[in-house]
Amino acid sequence: MFNQVKKTMEWGEDTLTLETGKIARQADGCVIATYGETSVMAAVTYARSQKPGQDFFPLTVHYNEKYYAAGKIPGGFFKREARPTEKETLTSRLIDRPIRPLFVDGFKNEVLVICTVLSHDLENDPDIVAMIAASAALTISGVPFMGPIAGARVGYEDGEYVLNPVVDDMHDLRNNPDQRLDLVVAGTKDAVMMVESEAYELSEAEMLGAVKFGHEQMQPVIDLIIELAETAAKEPFDFQPADYSELYAKVKAAGEDQMRAAFAITDKQERVTAISAARDAILATLSDEEQTDPNLGSALKKLESSILRGDVVKNGRRIDGRALDTVRPIQSEVGILPRTHGSALFTRGETQGLVVTTLGTGDDEQFIDALHGNFKSNFLLHYNFPPYSVGEVGRFGPPGRREIGHGKLAWRALQAVLPAATDFPYTIRLVSEITESNGSSSMASVCGGSLSMMDAGVPLKAPVAGVAMGLILEEDGSYAVLTDILGDEDHLGDMDFKVAGTEEGITSLQMDIKVAGITPEIMEKALEQAKAGRLHILGEMSKALSEGRSQFSEHAPRIETMQIPTDKIREVIGSGGKVIREIVETSGAKVDINDDGIIKIASANGEAIKKAYEMIHSIVAEPEEGKVYTGTVVKIVDFGAFVNFFGKRDGLVHVSQIENRRLNHPSDVLKEGQEVKVKLLGFDDRGKVRLSMKVVDQETGEEIKKEAPAD
């Protein structure tokens, strides 16, 4: 009934298995990849014809995690998986980026890749397994895909690269000092296609070494996919790229000069207008049939690409007139919004980001319900890219995949320099509003985010800057590496290479390569050129602010941390939370207690923090024997009076300890609610407190000294 094919190999510390032919047989290709006990099913389907008027490649990748894979039931009211989580969105992009450039040029049929996590062993991250499964499913499906690819995760521990570290070591690098790198690399047999990473100030050589290590380690996986395809692959889809050479010749003859003049304009909006006019002029020379040719868009893009690329490689001349290694003019400002906790406006050429920092308490931490466990995050970064930033009318609503991806890239770049939670017990939220964009807006978010946090008083270990690099590689092997690329250079180039870090090293690296042939030497040159650009940007940023402010904004919360014995937690909380509610209501401060006895008291008002601190201290502190306290009479009985003298602590003043004379009843001199001065004499055999009034001057609160006997 099943024509099942299964291939297995040992890879790293576990066994990798690829199998097909048993499940989802109506898909064009379906492979279940299992690494350890983590299993991901990738199913591929594709349309047999191109939609009329389709002028782009409609590839869609969906990665989804099923809670049952880890033996969990989803939270929430509906108890089922709903909209994609951030992890699912980021992994979908992680798979999309290396496979997209490998489809045959000109193929514009719809392709759908769905990766479903079926089992998770809580050790091996499903993202790498999903990438391998997707590559294998595409390879056997018959779609014109020039793969296969494979992926690998690389760690860096004690000076050694580690293949596919376990999930627990990687999900929170900030709190794992032994692990300094989380890098994912994807590539074909001959070339690296994609890199995504977060790091702890590693050098350019260490990062390049990690990329090489990952590419070497994935080679057996590529061989395994090829071995599977030799047995299970379907007949290749008969696709012949359209020949539009005649159309391109007409387009070039009609508009090359005008298009070249348009690309010589340095101002973005003027250039866009001129390019649009050049396109219209070209269309006016074409027949009706040629204007409706589905390859017209490709012909126009080829003309634009040849003009831009030729000028850069042959003449060293960029669109805006800069040298290849020059960064656009930078303007940095901080503290521009009066009521926010921290703010910065970072402008680099025609790219601008307004980044705002908000400080919160433990109550503001983000709760993350992941397959490998539940945890909280106290650092959030949200990136917004409204249509007005590029002068367009467009969709405005919840963040899309691109916004989530760019925000995570900036998050990775900055989290390496954050102070430890024990030293800075605040939740930090950054929001990057991209107000102008002409390339590298995610790196503007990094620069603006660093300045904004320092403006808020966050004690960063070092400022962070980011720069986007580009590459143009010609067929004859000549190439040019571009620093701080524009949007058009990104669109028409062969590599998008974003590097962020401090003066000491790299904290984040993202690379997307669109062509084969990029050698380690080219990557090394790009990294060195990026370092020079990054150091220049850090110098420009330091003109605005070079370290965190010593004072918070008056509108930001202050947090005081105190440690209490764990056996006192119950006393601070009280029955049903009665005591802690009283502390919050009386002081006006927010109070958070964890299971280790660490208490965080937060308020924008210093007096509120002081009041809450004193109330908690009075509950957990032990009174000192021999010390004088001010107390209040809370109850009078025949044998004495009970006095509340130390927070919630009461003690007995025996009738014989009230005055230096005999009393018929304590009520002769005391009444409930009266303030008295008492000395703690000690504790009786049952631990009860013994107090005395008669040894204390009730006016001054001074202890009455016994007169020395006469000689």
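Every residue gets a Cβ built from N, Cα and C, even glycine.
As recorded in Swiss-Prot, the features of this protein are as follows:
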| type | residues | note |
| --- | --- | --- |
| BINDING | Asp490, Asp496 | Mg(2+) binding site |
| DOMAIN | 557-616 | domain 'KH' |
| DOMAIN | 626-694 | domain 'S1 motif' |
Binding-site residues listed as Asp490, Asp496, least Cβ neighbours within 10 Å: Asp490
DSSP state at Asp496 (Mg(2+) binding site), helix/strand/coil: strand
Overall pLDDT of the domain 'KH' (557-616), taken as the mean: 90
Secondary structure content, the domain 'KH' (557-616) (per DSSP, counts of residues): 32 helix, 16 strand, 12 coil
